[in-house]
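The following features are taken from TrEMBL:
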{"type": "TRANSMEM", "residues": "33-49", "note": "transmembrane segment"}
{"type": "TRANSMEM", "residues": "58-76", "note": "transmembrane segment"}
{"type": "TRANSMEM", "residues": "88-107", "note": "transmembrane segment"}
{"type": "TRANSMEM", "residues": "119-141", "note": "transmembrane segment"}
Amino acid sequence: MKVVFIVSSLAIVWCMRFHTVVKRSYDKELDTFRHYFLVLATFVIALVLNEKFTLQEILWAFSIYLEAVAILPQLVMLQRSGNVDNLTGQYVFFLGAYRAFYILNWIYRYLTEPIFTRWIACVSGIVQTCVYADFFYYYFISWKNNSKLKLPA
């Protein structure tokens, strides 16, 4: 599954960079999110909040924290544009749904394992699901009304 995830992620990046139709849809004026602040903040948090102060553990915590907020630039850009095309809306929805279902996994593991210690992943997953909450709301409203997904600007 990790190989499929990595290959599909690389395919998405390739499409965004080189596919003529997808590349044409990029609007640099809307993409003003300062992602380097996000990366720096999550790295500092990983230095402070980790399970063991080792390089591997800090890098793992950094990846978990960064994953929790990595969708923010996309959500901000979608909100600035106002309109969300069908494929992008479904892609973002299923990214968030994936993390929301992960919460069920953590609840199951907490109830069945004698010692469950992955609090960093649990808290980050909850934060990530909360980040998606606003998008989920507008996604379900548009689905219920059978209308195009529009985010408030």
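Residue numbering: from 1, along the chain as shown.
The backbone N, Cα and C atoms fix where each Cβ goes, glycine too.
Keep in mind that TrEMBL annotations are predicted by a computer and have not been checked by a curator.
Away from its own ends, the transmembrane segment (58-76) comes close to residues 31, 33, 35, 38-39, 42-43, 45-47, 49-51, 92, 95-96, 120-121, 124-125, 127-128, 131-132, 134-135 of its chain (Cβ-Cβ under 8 Å, at least six residues beyond either end). Residues of the same chain lying 6 or more positions beyond the ends of the transmembrane segment (88-107) and with a Cβ under 8 Å from any Cβ of it are 71, 74-75, 78, 116, 118, 121-122, 125-126, 128-129, 132, 135-136, 139, 142, 149.
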